[in-house]
Structure formats: structure tokens, C-alpha cells
Amino acid sequence: MKVCVIGTGYVGLVTGACLAHAGHQVICVDNNAAKVAMMQAGKSPIYEPGLAEMMQNAMQTGCLQFTTDLAVGVEHGDVLFIAVGTPPLPTGESDTRYVEAVARGIGQHLGNRYKVIVNKSTVPIGSGDWVRRIILDAVAERQEANPEASTAQLSTKSTAVKFDVVSNPEFLREGSAVSDTFNPDRIVLGSSSQKALDCMQALYAPIICRVFAENPDLPPVPVVTTDLSSAETIKYAANAFLATKISFINEIANICDRVGADVTQVAQGIGLDSRIGSKFLQAGIGWGGSCFPKDVAALVHTADDYGYEAELLKTAVSVNSRQRLLAVEKLQQALGILKGKTIGLLGLTFKPDTDDMRDTPALDLITQLSRLGAKVKAYDPIYAEDSQGFQAVPDQVILKTTPEDLAEDCDAIILVTDWQQFRGLNYADLAQRMNIAVVIDGRNYLNPDEMVAAGFYYVGIGRPSAGNPTAASRSLRQQIAA
Ligand code: UDX
Ligand code: UDX
């Protein structure tokens, strides 16, 4: 099938490349010319495992092209995906101006051929009908401005322009977005048009039939077909539920801290109950990223618009805001005054296997530590290499390119991101380089006994601390060694 994906961010580019890999003819459109030039040269502007290779292969087979020209994309696609960003406004609502601009652009270039317009961006509930109206208005404006050209290109009346709008929310996690696309738990399609729904089923047939799945023997991927608003709400409800689940386990972690229990054991114990499930029960320094914070805020805002106060969701957010500063409290308990101390952040991104810094808990830590007069250093494996997202790192952070450089003369390190390579570091060597060998394990990712054996005082989230804080200081370590 002929597909156009508008917006080549984390979601659009992965969607475009995966559909091209599945054999569709895909044109990706982006208004950022530098990004398009990069992709035309076979380079991915974002770090996502497996994406660059898939892009290059699909380009070689002629299935994937990139352009800045929306007209070319709209003319090409039978299915047009809108996948531009919908960042949060200060009020919590989604900023839909990019979706609006793209919808208008589609209307300006729409011809007579039937098209399915797919909202892939996470848009406020009700946006499907709104997008439809914008497209129709743009078509009408074009006809009024240039009746002769329009009649040559279009049917005589705007109502004769044939298109349907579908909501097809994405559930991709950054860092495993390619695998998530080919191994989805479900595909959600919302539309009032059976023709459009059939078209989407045909588009996704290779994925539904698990042609590229890790386990092709599983039954077909369930497809939830519903109305536009329900599909849009499914996306918000899924993210709000997952974010609330993490806030829940973080609340339990804070109780564990006070009663001396271990939240990792508690999570295992409750997660084995199939009604609860073991996923998204990892306690830590809070959720971040480009989706959870903005989507929960947007849902709260929508509820507000309709006269309902979403108390549970608001609490999930406030538990998370407090959690994102918990590591600083724990540092104060371990080190006392932080003014003049040097703190090393192990990891900056909001989760591993991505270069995305959007709303990462690291940003709150950096602000708070700097406010308290601490010096902040950081090491993140993704910024040790050349990376686009590098500019997102705040100026007051001293970036280091190795964990050893990071550890040098630090008074504590905080593990912010659970990058896999952080499990294999030579912590005994790092401890030797530190002024005070304290580690705040913000993701409960390290083994407390191993960290103590390496010379650290270990502090986790919702689990007992391990080691001796006094013995962690360099002077005492030197005395003991002497
Ligand atoms: C996506 C979404 O679509 C968002 O709604 C969802 O909640 C998270 O995932 P993301 O892929 O993260 O957003 O967006 P981003 O990385 O900001 O990329 C958007 C792309 O669209 C950029 O490359 C930008 O240049 C492009 N763009 C933006 C256009 O091509 N045209 C525009 O008018 C605006
Ligand atoms: C999320 C959703 O999972 C995905 O379905 C949606 O489409 C986009 O938003 P993403 O933001 O890429 O994906 O990452 P995710 O793996 O969900 O993690 C989000 C945040 O929650 C991260 O900061 C992560 O560290 C945190 N998290 C996750 C926890 O603190 N504990 C957990 O158990 C899981």
C-alpha cells in the first residue's frame, strides 16, 4: 500500500520505517530540512535500537523515501499518518498547533482519490472530528480562492472530497520501539467508517499475522475496532494507568523505607498475582519522558474541561513529582549539607536505550542540586558518543565521557538511568576515585551486597541501605588501608 507519514519524530520515523520494512511504499514528510537531509543520507536523527539498519534496508529496496514536500506525500499516500508532536502547554493541555497545521496542509493538497487520514499523534479526545473539519475547511478555502484550478483537481464540491479519519494510537516504548511495532499487545483503530477500518486492517495485516514477530506462532494480534473518541481515550487511559501503577509502587516503596521492608521483594510478591502483573512495578525516582507526564496532565485537563476533578490522576502526578526529588533527600541524609559537594549522575536520559531527555527526572535533580549549591557532573553512555540530543543537557552540568572520569572526586553518585552497562562497571575502581563512596541507586538496579564489597555505602529506593556511611569517606578508607 502507499503510505505517507507526516512528522518523523520518535513515533513517525519508527512507524514509517517499519511499514516500509513490511513491504509498503512509504514517503515520510518532515518540515525540518536538516533532518530530512540526514535521513535521505541513510542516517537516523534519533537513537533507537535497530532503526537505522531498517531505514537503510528499506531505502535500498525503494520502499522508503523522505521529503520536506507535503504535497508529494499527500499525493502519494492512500493512508496518511499524522505523527507530529503534541507537547504539553503550561496549563497541561496538549499543544495541537502542529496537528492543526498538518491537517490544514493535507486539505490544501488533497486530490480526488480516497484517503484514510490517521491520527497517530496523541491528541485530545475529540480531535478526530476536529481534524476532519480542518481538512474540509482547507479544501473549501482552496476552492473559493481558485475555483477553476480546484475543479480541475477536485470534484466540484468539497463534500465530494473522499477521506475518512481514523485514530490509531501508538503504544511504542522508546528504546524498544521497533520491537514493540512488530510485537504489539494490540492494535487500536477508531473510526466511524468501515471502509477506513478495513483499509487499516489490510495495512497492518503483516503485523497482525506476526510475519515479523519474535514469536510467529502466537495467535494473531488482537485488533480493537471502536469509535474515534474511544480510541483516543484508550491511549490516554493506558498511559495514565501505567503511570499510576508506577506511582503506586513508589508510594509502597516510601512506606517500605519507613518500616524496613524491601520494595523489590514486595513488587515480586504482588506482581505474581496475575490480576496485578509484574510489569511497571519497578520503584525508583519517578516516571518521565515525552509521554507519561504530558498524557496524564492532558487527561486531567480534559476531565477538568468537562467538570470532573480527576483526583486519582492528580495524586499520581504529585506522588511522582515528590519521587523525582527523593534522591536529593537521601543524599542529604547520607552527606548532610550538600553545598560545595560534588554529585555525579550516572545516566541522564529518562530511560535506557534512548537519547531522549524530555522530562527526565535528571532535570529535576540537576535543578535541585544546583539550587542547594552542589556541583553536578554526569555521564550517560549515549552522550559519550556523538548524539543530537546532547544540546538538551543543561549548561550547569559537567559532562564526562567515562564513568571513571565521573567518579573522580565525587562525594556521591546517583544512578538515574538503568542502562544495562551500569551493571558491569568496575565499582571498586570507581569507589577508589571518589571522595565519599556513596551511591543512591535511583532505579534499584544494582546489587547492594556487591556495592558494599566494592567499598560503597549503598542507598536504594524502598529497600534497606547497606554498608557504612562513615567508612565510605576517602580519609577513613585511607586510614583503614594504612
Ligand atoms: C509523538 C507524537 O506523535 C505525540 O503525540 C506522542 O504523544 C509522542 O510521540 P514524537 O514522535 O515524540 O511525538 O515527536 P517529535 O520527536 O517531536 O517529532 C515530531 C516531528 O514532526 C519532528 O521531526 C518535526 O520536525 C515534525 N513536524 C512538526 C513536521 O514535520 N511538521 C510540523 O508542522 C511540525
Ligand atoms: C510510554 C508507554 O509505555 C508507551 O506505551 C507509550 O506509547 C509511550 O509512553 P516510554 O515513555 O517510551 O513509553 O517509556 P516507558 O518504558 O513506559 O517508561 C516511562 C517512564 O516510566 C520512564 O521514566 C521509566 O524509567 C519509568 N518506569 C517504567 C518506572 O519508573 N518503573 C517501571 O516499572 C517502568
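Glycine is no exception: its Cβ is also placed from the backbone N, Cα and C atoms.
All annotation found in TrEMBL is predicted automatically rather than curated by experts.
TrEMBL names F171, L172, R173, E174, K235, F280, L281, Q282, A283, G284, G288 for binding substrate. Of K115, K341, K351, the residue it gives for the same site is K351.
Annotated NAD(+)-binding residues in TrEMBL are D30, K35, T86, E174, K294, R358, and among T122, T401, T402 the one listed with them is T122.
Averaged across the domain 'UDP-glucose/GDP-mannose dehydrogenase C-terminal' (344-448), pLDDT for the predicted model comes to 93.
Per-site Cβ counts within 10 Å over the binding-site residues K235, R358 peak at K235. Least packed by the Cβ count within 10 Å, out of the recorded positions L281, A283, C291, is L281. Shown in sequence order, T86, P87, P88, S94, T122, D359 are the residues of the chain, 6+ apart in sequence, with a C-beta less than 8 angstroms from the C-beta of K294 (NAD(+) binding site).
According to DSSP, C291 (active site, nucleophile) is assigned to coil rather than to any helix or strand. Taking a Cβ distance under 6 Å to any atom of ligand 2 as the criterion, the recorded positions T86, G288, C291, R358 reduce to G288, C291.
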